[in-house]
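Database features, via TrEMBL:
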type: ACT_SITE; residues: Ser47; note: active site, nucleophile
type: ACT_SITE; residues: Asp166; note: active site, proton acceptor
type: DOMAIN; residues: 10-179; note: domain 'PNPLA'
type: MOTIF; residues: 45-49; note: motif 'GXSXG'
type: TRANSMEM; residues: 335-359; note: transmembrane segment
Amino acid sequence: MFNWDEEWNISFAGCGFRSIYYLGALSCILQQAPQLVHGASKICGASSGCLVAAALTVGIPIEQFCIDVLTIAKEARKHTLGVFHPTFSLLRTVRESLLEKLPADAHLRASGRLCVSLTRLPDRTNVLVSKFDSREELIQVLMCSCFFPVYCGFIPPSYRGVRYMDGALSNNMPLFEQRNTITMAPFSGESDICPREGTFNFFEVHYGNVSIQVNTGNVHRICTSFLPTKPEKLAEICHNGYLDAHRFLRERDMLGTQHLPPALVLGKATAKPCCELLESAKAKESKKTLLNERNPHQEDHRWLDLKNLPVSFKKVLCEACRDSHDDSDFLPVKVVMYVVTLLMLPIDLTISLISSVILSGCKAVYRLLMLTTVSAGRRGAVDVKTPTVHFRNTAAAVLLTETSDTR
């Protein structure tokens with residue numbers, strides 16, 4: 001059970017475009033246990049995680065943040081080379097969004113509560129910044145934490161005259177060492193809120209205070225952190241974040257009387273389709289006509305009807321899915337995934353072999369222990385009977401001796 005009497009922190013790991021996972025998780029927490037966010041002493045983050053933390057501390061609606069993530073992802077996917085296209089600058093796009101969204105007193109709201117992880121360029125030392133003298137300084141810190149070398153450019157941004165780069169390179173989970181820090185990461189591992197693979201895994205990698213299991217699922221998650229996937233997949237990632245956060249709250253008895261509705265558990269829709277929330281009466285008629293004509297594009301995102309995301313999130317995700325049907329498969333993602341799949345085959349085979357050997361060894365040890373226990377039990381039974389037999393034989397011998405002497 002969660003101890004509300006102690007101070008606690010929330011920490012977000014850097015994860016690129018998969019930061020939309022946090023938005024789904026936060027939508028669940030703000031819906032079921034809002035005090036967990038509002039009462040947090042510090043909200044920390046590295047790389048894209050610091051943008052989520054900043055949005056929470058300065059009061060930017062997470063729905064608006066979700067729109068920005070989807071917009072940037074779709075903009076990157078328009079280019080053949082994605083984020084590596086010469087005409088696309090991820091850092092410039094993020095900066096423009098911050099200039100537009102951050103309120104004038106953002107630095108005052110963030111100071112003392114927002115904690116941003118930076119990596120100092122000269123000595124690769126980690127620096128945690130939680131005090132901001134101006135709005136521009138806050139933006140500089142966020143830009144420094146998001147700068148991944150080569151991926152975002154070649155000249156790192158500066159903060160107070162010193163150049164910094166991605167905070168995830170030195171500390172991807174700020175305040176991880178404090179036991180009251182709630183950690184979030186979109187990679188399966190040991191974080192408090194993270195995906196679960198469903199299969200036992202012996203191998204984990206700890207990088208920047210983040211635990212990441214070695215499996216193909218995490219390889220795909222890492223690839224799509226750098227190379228944005230389709231909006232439909234991003235919407236699915238968002239919903240997975242909601243479910244993982246709900247599991248976290250349930251396991252710590254923080255849900256109270258609120259539970260997932262039957263629609264989510266049983267897979268039966270009880271509410272109107274999300275598209276109907278966005279359309280006028282005339283648009284509804286057009287939609288019915290399209291459905292009658294069996295337009296597959298209209299059905300692609302109806303899976304959102306079954307999910308317990310807030311209505312505002314449904315609207316955002318539905319719009320993103322609807323506008324993305326003409327997109328073809330993203331070439332960089334396809335190439336990277338093909339290469340990664342080939343490279344992961346030996347690792348998968350090795351893990352499967354080791355798992356089989358360990359499982360066989362455990363079974364053999366178990367059988368040996370059972371045989372040893374059974375054998376010990378049989379010897380104990382014999383030892384119990386033997387003294388009685390000897391005693392009776394001795395008594396009989398004494399009796400026979402006395403009888404002989406009497407005669």
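Easy rule for this one: first residue shown is 1, then count along the chain.
Backbone N, Cα and C define each Cβ position, glycine as well.
Computed from a predicted structure; not experimentally measured.
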Simplified DSSP label at Asp166 (active site, proton acceptor) comes out strand
Across the motif 'GXSXG' (45-49), DSSP yields 2 helix, 2 strand, 1 coil
Within the same chain, the residues 6 or more beyond the ends of the motif 'GXSXG' (45-49) and with Cβ under 8 Å of it are 11-17, 19, 22, 115-117, 145-146, 148, 166-168, 171-174, 184, 208
Mean pLDDT across the domain 'PNPLA' (10-179) comes out at 94
Other C-beta atoms within 10 angstroms of the C-beta of the residue listed as 'active site, proton acceptor' total 25
